Amino acid sequence: MNIIFFGPNGSGKGTQGSILKDKYKIAHIESGAIFRDNIKGGTDLGMKAKAYIDKGDLVPDEITIPMILDRLKQDDCAKGWLLDGFPRNKVQAEKLDASLKKEKMKLDIIIEMLLDRQIAKDRIMGRRLCENDNNHPNNIFIDAIKPNGDKCRVCGGALSSRADDQDETAIDKRHSIYYNDVDGTLAAAYYFRDLAKKDDSIKYITLEGKNALPDVTKELVSKL
């Protein structure tokens, strides 16, 4: 089961990806982690990517896509993989599709999390971190994980928020890229949607991201 997962920051995409990883024993691959692992490991591609990152430049697709393909060939991907965070635009979608076909790597499922942009923004700004345990999710805008006042709903620990979660300009910039359906990330998703219309072996799934986490998971599993 090979999956590409699309969804804006704040949609719960990462959480659902982790659930699929555990349920189906597939690798959950985040594009950012690929860069970090290659740079930390000192690979040729990692060092090339680092040179661009250090200058504040975007890493070219000619470096990024081979890194992704190398990751998809690792042993933990034998039962399948879920790619999260790439492609981010239509051009990357086209290049990734061509590269997967060249490597004879089958793409089975595309998942798109649907979520209103303002709700996504509110969810990001509503995140709170438990100072006792980062694995205790708290969010002032999500009833299921709403804090107890200013304390962690799980352990009663003190809460704080990340600076970048409160940076409206940065959030708006990321969402402008994602919600761009002409050449941004949604355009990448729609490229694969159109591909699925012509290829019955590829399934395109949409999920209502505004629903409660268990309901989203139930909907997702029922559609796979």
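Glycine is no exception: its Cβ is also placed from the backbone N, Cα and C atoms.
Annotation comment: Swiss-Prot describes Gly10, Ser11, Gly12, Lys13, Gly14, Thr15, Arg127, Asn211 as ATP binding site, evidence class sequence analysis. Counting only residues at least six positions away in the same chain, the Cβ atoms of Phe5, Phe6, Gly7, Asp84, Met113, Gly209 sit under 8 Å from the Cβ of Lys13 (ATP binding site).
The feature AMP binding site is assigned by Swiss-Prot to Ser31, Arg36, Asp57, Leu58, Val59, Gly85, Phe86, Pro87, Arg88, Gln92, Arg162, Arg174. Its Cβ taken as reference, Ser31 (AMP binding site) is surrounded by 17 other Cβ atoms within 10 Å in the chains shown.
Taken from Swiss-Prot, the feature region 'NMP' applies to 30-59. For the region 'NMP' (30-59), residue counts in helix, strand and coil come to 22 helix, 1 strand, 7 coil, using DSSP.
Outside the region 'LID' (126-165), and at least 6 residues removed from its termini, the chain residues within Cβ reach (under 8 Å) are 171, 212-214. The feature region 'LID' is assigned by Swiss-Prot to 126-165, with sequence analysis given as support.
Comparing the binding-site residues Gly10, Gly12, Gly14 on other C-beta atoms within 10 angstroms of each C-beta gives the minimum for Gly14. Within the set Gly10, Ser11, Gly12, Lys13, Gly14, Thr15, Arg127, Asn211 that the record links to ATP, no two Cα atoms are more than 17 Å apart, and one pair reaches that distance. Taking all protein chains in view, 13 other C-beta atoms sit within 10 angstroms of the C-beta of Thr15 (ATP binding site). When the Cα atoms are compared, Ser31 (AMP binding site) and Ser11 (ATP binding site) turn out to be 17 Å apart.
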